[in-house]
Amino acid sequence: MLDRARELDGADPLDGFRDRFTLPDGVIYLDGNSLGALPKAAVERVHQVVTGEWGEGLIRSWNASDLGVGWINLPQRIGAKIAPMIGARASEVIVADSVSANLFKLISAALTMRPGRKVILSELGNFPTDLYMIQGLQEQGLAEQRLAAREQIADAFDDDVALLLLTHVHYKSGAMHDMAALTNAAHEAGALVLWDLSHTGGAMPVDLNAVGADFAVGCGYKYLCGGPGAPAYAFVAGRHHETLCQPLSGWMGHARPFAFDDAYIPAPGVDRLLCGTPQVLSMSALEVGVDLIAEIGVDRLYTKSQALSEFFLECLSDRDIALELVSPSDSIRRGSQLSFRHENAYAICQALIARGVIGDFRDPDILRLGFAPAYLRFEDMAEAVRHLAEVLQTGEWQRDEFNQRAAVT
Ligand SMILES: Cc1ncc(COP(=O)(O)O)c(C=O)c1O
Ligand SMILES: Nc1c(O)cccc1C(=O)C[C@H](N)C(=O)O
């Protein structure tokens with residue numbers, strides 16, 4: 001399979017982009033769905049922002065000058081670059097805060113737009129923060145959580161549902177929802193829809209406006225390669241801009257922050273999702289990742305991602321490794337990852353990491369391998385499967401050191 005892999009890499013139009021990332025020697029990185037790799041240009045950019053724009057420019061760097069393009073518009077500028085990747089207009093996307101904080105703002109906004117309805121419908125086993133944000137609002141008496149199994153979501157609507165909140169690509173299984181069908185089902189029931197695109201944005205295209213989505217949020221530090229703790233993005237469909245009302249009404253979301261008025265007047269459109277001062281250093285790194293992913297193009301990335309995961313499965317069957325695949329076997333129904341169930345998934349994952357194959361473990365028994373297509377090669381697939389075969393066949397994973405749980409998995 002290694003020869004075939006090398007042939008595929010030779011014919012891959014995206015092969016050259018791998019060099020634009022820093023990847024340690026001897027590492028096969030299958031965790032770009034948790035923390036994306038470092039774009040080399042981010043090192044230079046962050047250095048320039050720290051030493052030039054901050055060190056020399058000091059507070060002057062908020063405005064555009066000969067030192068740089070100005071920090072104050074980073075949230076809108078990066079949002080506009082993310083917009084085409086998710087089928088949004090530039091004016092509909094803003095970069096701010098974390099996914100969690102943006103969920104809070106948009107769930108709250110949805111509740112105000114559906115007076116008399118309090119139910120937020122979501123999926124059993126959705127990413128915890130999505131559920132916890134609903135539960136926080138429930139504790140305050142503002143919302144009521146309703147969870148349905150994946151297959152039952154479309155039947156779980158009634159006149160009480162204000163919002164459907166789903167993660168498009170499930171973080172654990174990689175299963176992808178039918179965004180158009182579920183958006184439609186929500187609208188027919190008089191509810192709004194909020195999509196969490198954390199495992200989608202930068203790996204595959206979606207068309208939020210074509211399906212009529214109301215809101216979306218997504219992660220900056222996964223496939224967009226924005227760096228650890230990179231700010232998140234939020235989308236609000238243009239038709240809701242006038243009525244959008246969110247409770248984190250900080251001064252940066254004011255129509256005129258530097259008028260220092262006593263009264264809060266929301267900024268037009270998505271700008272009112274801003275709360276406090278933008279995280280300039282993090283946003284500067286994120287912009288480099290977003291520029292690089294935009295240059296490669298999400299359509300090409302998605303094509304490659306499907307080819308990588310299909311090839312990985314072929315390599316597994318070539319070595320007669322029978323692992324239980326929990327991701328959909330049809331690549332059009334999954335995101336850019338493959339997840340396998342094994343009762344010793346934690347130890348197997350640790351044994352792989354010790355060999356330089358970095359994937360991750362998701363409680364209680366999932367080995368999750370992410371295929372960030374911008375910097376992975378077919379050769380990495382063949383080699384990762386070779387290591388996996390050796391770990392399983394030699395029983396290497398049974399060593400004590402691979403069975404001690406770390407705090408962050
Ligand atoms: C689906 C999903 N939503 C939200 C988050 C968390 O976002 P944040 O840490 O930006 O709040 C993650 C990962 O951390 C995730 O996988
Ligand atoms: N955000 C993370 C972190 O701060 C530490 C470790 C992992 C993460 C993650 O992003 C987890 C990720 N959302 C997941 O899909 O599992």
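Cβ coordinates are placed from backbone N, Cα and C, and glycine is handled just like the others.
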What does TrEMBL list, out of Thr22, Thr51, Thr277, Thr303, as binding the same pyridoxal 5'-phosphate as Ser100, Phe127, Pro128, Thr129, Asp130, Thr167, Asp196, His199, Tyr221, Trp251?
Thr277
Suppose we screen the recorded positions Ser100, Asp196, Tyr221, Lys222 by Cβ distance to ligand 1 with a cut-off under 6 Å; which survive, in sequence order?
Ser100, Asp196
Distance from Lys222 (N6-(pyridoxal phosphate)lysine) back to Asp196 (pyridoxal 5'-phosphate binding site), taken between C-alpha atoms, in Å:
13
To the nearest Å, how far is the Cα of Ser100 (pyridoxal 5'-phosphate binding site) from the Cα of Lys222 (N6-(pyridoxal phosphate)lysine)?
15
Within the chain of Thr277 (pyridoxal 5'-phosphate binding site), which residues six or more apart in sequence place their C-beta under 8 angstroms from its C-beta?
Met252
Distance in Å spanning the most remote Cα pair of Ser100, Phe127, Pro128, Thr129, Asp130, Thr167, Asp196, His199, Tyr221, Trp251, Thr277, given for pyridoxal 5'-phosphate:
31
